[in-house]
């Protein structure tokens, strides 16, 4: 037994051990704690009161639904703006410059709060009122690079003979797009949607800054509760968001191995 | 031809939209006005005041904290993630899938969930939150990205080279150091860079793990400042500098990557 353990330790497999221990402490147990806190009250007694409170609170539910709505609109606008951009960037007939691609991804590396404040400054500059429109524009501005990059990646790896085949077989440009290009780029679209929808649904500070506290999103509600020491209720709200995230990721199952094969940006 | 002009115009309009706020910040970093949008003549006063010791003590402290936290977290997660990736690569398919799933949790999760879950962990353990907890939290969400950028390198590697090194008399440790590490180094570097930028950019996880001992990173500083209503004017030159540095860094990295590919 002892010997077998030593064999394990001397093999490469044991190199996962530090990470397994680390993940257990900092990923698995904390998630478990969210569940524990969500189903208990201040004294540690098992209860459903936290969820009851959510479902009996029209304000909380409204914020939740509203946040999903904003996230869906933001994701759609990002897709509509980002897809053509990704397509142009990946098309060697229309764009040959790699620098152009870098320019589009670059804003991802600027602090998100700085970017948001810059957007607020821009609205101020043109005296555009800070409301719903500003919120959606600001979110789109923040997240559109996350839509462009994965779509660009899949479009670039796409086998162009499919397009030629479709053209040879008499498809018009619209048919080529709908029947060949779009289905082939679906993995990129899906991961783009994930990369935009997830952060927009869980964002908090950005909405506050963009609307001068006029519009509250679900993330803000969670943060306020945690800050006001309502940990159990906050945990219950987090669990609801977690379930939403899990549902979304199940909805867009594509094999992750494929999309990560590229090895990142550089 | 018309199509090309149209396509290029679309790209440029989108870029203009994306960059206009940043451009405005840079332009208004060269004037003294307290409120962004007021132009009171060209001046570099904000730049000098940013670097005058004493005047913007807390802002500079926040910047230093942000950078040291990012360096610590990125270094630790690069080591942890690379070692883990080598281990995962040698695992059987089923256990590999299990670890990959756990690895993807922090990537898929919203920042706010990661932040709150870690907050609850530290609170339940009775740990005072501060510098250490922020670094630990950053390692938590950075390491998966390192694993994800090192693993493809290992998959692409020719396993025969490693065997050859052993046949030629290298100890497993030597073979690792002389064969595997050089092969995965690009993945480690991009993982490190990714970890660095993620850590610097992070707000949601930091705000839940930073505690109330007065510790500030750039993100929490900006947030607190913006909430008070007025933004410290010195943030403009600071953002401008950060943007230019990041821009220069990315251009250099891409230039190098481009050259390496041509070889």
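Positions of Cβ are set from backbone N, Cα and C atoms, glycine also.
Automatic prediction, not curation, is the source of TrEMBL annotations.
According to TrEMBL:
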- B:63-253: domain 'ABC transmembrane type-1' (DOMAIN)
- B:9-30: transmembrane segment (TRANSMEM)
- B:62-89: transmembrane segment (TRANSMEM)
- B:101-125: transmembrane segment (TRANSMEM)
- B:131-151: transmembrane segment (TRANSMEM)
- B:192-215: transmembrane segment (TRANSMEM)
- B:235-255: transmembrane segment (TRANSMEM)
Leading stretch by Cβ pairs under 8 Å, where the reference is the transmembrane segment (B:192-215) and the options are B:9-30, B:131-151, B:235-255: B:131-151
Per Cβ pairs under 8 Å, the stretch of B:9-30, B:62-89, B:101-125, B:235-255 packing most closely against the transmembrane segment (B:131-151): B:62-89
Non-local residues, at least 6 beyond the ends, that sit with Cβ under 8 Å of the transmembrane segment (B:9-30): 36-37, 39, 42-44, 46-47, 236-237, 239-240, 243
